[in-house]
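Some notes on the structure that comes next.
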Amino acid sequence: MKIVTINDSVSLKRDLDTGTDMQQNAVHSIIAQVREQGDQALFTLTKQFDGADLTTLRVQQAEIEAAYREMEEPVLQAIGEAIENIRDFHERQKRNSWMTTKSDGTILGQKITPLDSVGLYVPGGKAAYPSSIMMNVIPAQVAGVQNIVIVSPPQKDGSIPAGVLVTAAELGVKTILKVGGAQAIAALAYGTESVPAVDKITGPGNIYVALAKRAVFGHVDIDMIAGPSEIVVLADERANPRYIAADLLSQAEHDERASAILVTPSRALAEEVAVEVDQQLTTLPKREIAAASIRDYGAIYVTETLEEAVSVVNELAPEHLEILAEEPMSFLGKIRHAGAIFLGPYSSEPVGDYFAGPNHVLPTNGTARFSSPLNVDDFVKKSSIISYSKAALLENGAKISALARLEGLEAHARAIDIRLEDER
């Protein structure tokens, strides 16, 4: 793992993967096919891309029951407890509608309304993460969304992984559909005979899913276009190098393009961590993926001081930030840009991925400078409420008309003037 002495500013930001022309054209063609042919396109494309010859898209109750039989009790219990923790955290994010009445009788306020429907994309195969179902479904449920649809590509035998089905069932999601890729996004956006159109699409996916989400955005809402996973560890000389190496590798195994970075003022710690990473890599099942990530996107930045290390962290604006230093809570006020902040030696990043409660759908590619983790607010709309009294209009009408005429909008001004004239 390369060790770099910090001289200039650093950045995790990369060019967003907007796909090749061929990929973009393929996605637009798939979307058009789904809009024109509906379910028939989904069956055709699922056979073409996933090798599954389906006669129905909807997961049946018998399949869910079979999935439960595959699950060991300790895993089922862990899923249940994780759901509890995540729900409890997101319940604290709920907002209420409000109204206020001014002295002149004017009533102003904000009305909170949940979205009618949401579609969650769950990747298939080895990337079929039940934890992502919890993190996307629970804030939507807490927000009050009534209709939640899960789509996921089937395996060649037409099945969906047991972990996905059981987690969805534990959350009470009734509509689970066997369709993936750009065609699933198109179906959620525009609807087919079997797939209900939704108002918002969330969830991770490959480049074709990302391009499809970008293409349908505006017709429906989406969560974000997420990049590869990132972790930055801020550590002082007292930190445990074995813990740091393990946590860096926990993100590196996700993807060859994942970023794993240590920032520290301690050259000795940097060298120990580099050795530990090499040693721990040798026993990882996904060592080839992790090794490529560490080689191409991993680094250890050595700074002069801990204060300089904090500045580097804010420049990086990482998805995940671990603080392994004495009195980690004291750093919290200094961190301005990070998707999730893990404090202390026992707050390893997987604690947040699976169990603690905060959402693991986080901003990447430096976008933590201006965006937030997925949360309950992402599944509601806010409507402004205005009830102007006669007294308020008489007092302020001339000012409103003046502002309208300043902008050259005479009809706006007259809409006010006509009411003022009636009251004279």
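Positions of Cβ are set from backbone N, Cα and C atoms, glycine also.
For Glu319 (among others), the entry in Swiss-Prot reads active site, proton acceptor, with the evidence type sequence analysis. Secondary structure at Glu319 (active site, proton acceptor), as computed by DSSP, is coil. Sequence-distant neighbours of Glu319 (active site, proton acceptor) (same chain, 6+ apart, CB under 8 A from its CB) are Ser229, Glu230, Ile231, Ala338, Gly339, Ala340, Leu362, Pro363, Thr364, Ala368.
Long-range Cβ contacts of His320 (active site, proton acceptor) within its own chain (separation 6+, distance under 8 Å): Ser229, Glu230, Ile231, Val232, Gln251, Ala338, Gly339, Ala340, Phe342, Glu349, Gly352, Leu362. Annotation source Swiss-Prot lists active site, proton acceptor at His320 (among others), citing sequence analysis.
Swiss-Prot lists Tyr121, Gln183, Asn206 with the feature NAD(+) binding site, giving sequence analysis as the kind of evidence. Look at Tyr121 (NAD(+) binding site): DSSP puts it in a strand. The local packing around Tyr121 (NAD(+) binding site), expressed as other Cβ atoms within 10 Å of its Cβ over all shown chains, amounts to 27.
The substrate binding site feature in Swiss-Prot is assigned to Ser229, Gln251, His254, His320, Asp353, Glu407, His412. The C-beta environment of His412 (substrate binding site), restricted to residues of the same chain at least 6 apart in sequence and closer than 8 Å, consists of Ala404.
Classification of His412 (substrate binding site) by DSSP places it within a helix. Feature annotation from Swiss-Prot assigns Zn(2+) binding site to Gln251, His254, Asp353, His412; the stated evidence is sequence analysis.
In sequence order, Ile30, Gln33, Val34, Ala41, Leu42, Leu45, Thr46, Phe49 are the residues near Gln183 (NAD(+) binding site), counting only same-chain partners six or more apart with C-beta under 8 A. If you take the Cα of Glu407 (substrate binding site) and the Cα of Tyr121 (NAD(+) binding site), they are about 45 angstrom apart, rounded to a whole number. The maximal spread of the substrate binding site, taken as the longest Cα to Cα distance among Ser229, Gln251, His254, His320, Asp353, Glu407, His412, is 56 Å.
The least crowded of the binding-site residues Asn206, Ser229, Gln251, His254, Glu407, judged by other CB atoms within 10 A of its own CB, is Glu407.
In this structure the C-alpha atoms belonging to His254 (substrate binding site) and Asn206 (NAD(+) binding site) are separated by 13 Å. A C-beta separation below 8 Å, combined with a sequence spacing of at least six in one chain, links Asp353 (substrate binding site) to Ser131, His360.
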